[in-house]
Amino acid sequence: MAHCVTLVQLSVSCEHLIDKDIGSKSDPLCVLLQDVGGAWAELCRTERVRNCSSPEFSKTLQIEYHFETVQKLRFGIYDIDNKTPELGDDDFLGGAECSLGQIVSSQTLTLPLMLKPGKPAGRGTITVSAQELKDSRVVTMEVEARNLDKKDFLGKSDPFLEFFRQGDGKWQLAYRTEVVKNNLNPTWKRFSVSLQHFCGGDLSTPIQVRCSDYDSDGSHDLIGTFHTTLAQLQAVPAEFECVHPEKQQRKKNYRNSGTVRVKTCRVETEYSFLDYVMGGCQINFTVGVDFTGSNGDPSSPDSLHYLSPTGVNEYLTALWSVGSVVQDYDSDKLFPAFGFGAQVPPDWQVSHEFALNFNPSNPYCAGIQGIVDAYRQALPQVRLYGPTNFAPIINHVARFAAQAAQQRSASQYFVLLLLTDGAVTDVEATCKAVVDASKLPMSVIIVGVGGADFEVMEQLDADGGPLRTRSGEAAARDIVQFVPYRRFQNAPRETLAQTVLAEVPTQMVSYFRAQGWAPLKAPPTPGKGPAQAPQA
């Protein structure tokens, strides 16, 4: 079993950001990046806060904390003026670098924002506080309001809610809803937020709810406020009067500025990757190796399949890197391994899913070393040919994943590792295979070996939006992760694995959550403690 790490939640706020927008304040967003083998990789980002030079971000940033590793982090603040996810066309308001260890040991760390080394971003600062996520429970709530005060001269109010928890003698933002335009009787979208972040895990923690009218210049008008606790919010249908303190003092017959009604409020367990793995889910690992002619003659030192005097090449290095991590999650350590794009004996027909051990009824290899041995033995026995077709192997693994899904339990998940030297040939068939597989307990990892153009692979990765078939059917979720091997060839071997496997836990959990499947063995529920409602 791999080492279990602690999940840390980072809350971010900034002060005195420089203004890049003419006539208004910036619309800041915070991006968190981590140093991965000398390259900065984005982990997550907060929401955008409109027209604010001292934002307190509602969305937290979550990261796994490894005591044994120096985890270098970079926080980037950007002024977002468009809807594209890319940041290259947005103004950079400043950044700061530190390690996660620094934040954890300080609990709250304030750093000056820098435009570049030696050049401060005005008086801008960033404050990051860390909180260990010990509780996997989430608060799920659905809220509406009725008869809110009209705040806009030419229209109705544009209301939104903010929930603040009391802590360290001040009110800390826990959640902010979306804005409902021009509506005095709004219903906000259902939302979920971690119990720890919402109320520190304590159902009796004072909660302040503020209802405000959104203004594009950032000068939001207070409609009303009320105080409560999560325990009271759970007593649905719960109704609270929104009171404007100044109106209450000025007007003798003032009653309220509207009411907020909690339609649903539940505390639910949000299972993690470790919950599923430790609950008994097996991760089934399958390997597919590219034996197309573009790799070059294996006997030539220029070939990607050429085995060096030490018996390795890029294919084997990538296989070891990823396989050595994944094999810890498979109890029998028997892995099916296939080749594709080669002419195979005895009839020398081109095959796109031949067993590396030439035993189609039992293609399993004992451990990663077994795959390596089968690869080395197969190499001189096949003729490299083509084309580069992925669909047959993806569909092969998908058939097993479909059988597992029929059990309707979180018992198995499938990871297919494809090692290839070039662009896929059967693009349409592969897109359809991936879209079909996205409905199954399965992920696909593609490692590009060599220096070819891998643009088509980036399309399969679909980071810019859901992958679609030619007929327009969209993938149910993103299940493909592609990386070119040579980006990591000078980095420690574990760096490649960390990158290509980074999305698998999220992909696995998203599938099981969508199906509504709990871990086979549910984790113990928290006992009596701060997260329990007060006793009468």
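Every residue, even glycine, has its Cβ placed from backbone N, Cα and C.
Annotated features in Swiss-Prot:
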type: DOMAIN; residues: 1-113; note: domain 'C2 1'
type: BINDING; residues: Asp21, Asp79, Asp81, Asp91; note: Ca(2+) 2 binding site
type: BINDING; residues: Asp21, Asp27, Asp79, Asp81; note: Ca(2+) 1 binding site
type: DOMAIN; residues: 122-244; note: domain 'C2 2'
type: BINDING; residues: Asp152, Asp158, Asp213, Asp215; note: Ca(2+) 3 binding site
type: BINDING; residues: Asp152, Asp213, Asp215, Asp221; note: Ca(2+) 4 binding site
type: MOD_RES; residues: Lys170; note: N6-acetyllysine
type: DOMAIN; residues: 284-504; note: domain 'VWFA'
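Where Swiss-Prot records a feature, it is marked here on the structure.
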residue	record	Cβ contacts under 8 Å, 6 or more apart
Asp91	Ca(2+) 2 binding site	Lys20, Ser26, Tyr78, Asp79, Asp81
Asp152	Ca(2+) 3 binding site	Asp158, Asn182, Asp213
Lys170	N6-acetyllysine	none
Asp215	Ca(2+) 3 binding site	Asp158, Asp221
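Surrounding the centroid of the Cβ atoms of Asp152, Asp158, Asp213, Asp215, where the record places Ca(2+) 3, the chain contributes additional residues within 8 Å, namely Lys151, Ser157, Pro159, Tyr214, His220, Asp221. Taken residue by residue with DSSP, Asp91 (Ca(2+) 2 binding site) is part of a strand. Around the Cβ of Asp213 (Ca(2+) 3 binding site), 20 further Cβ atoms fall within 10 Å across all displayed protein chains.
Counting Cβ atoms from all protein chains shown, Asp27 (Ca(2+) 1 binding site) has 20 others lying within 10 Å of its own Cβ. When the domain 'C2 1' (1-113) is classified with DSSP, helix, strand and coil residues number 7 helix, 55 strand, 51 coil.
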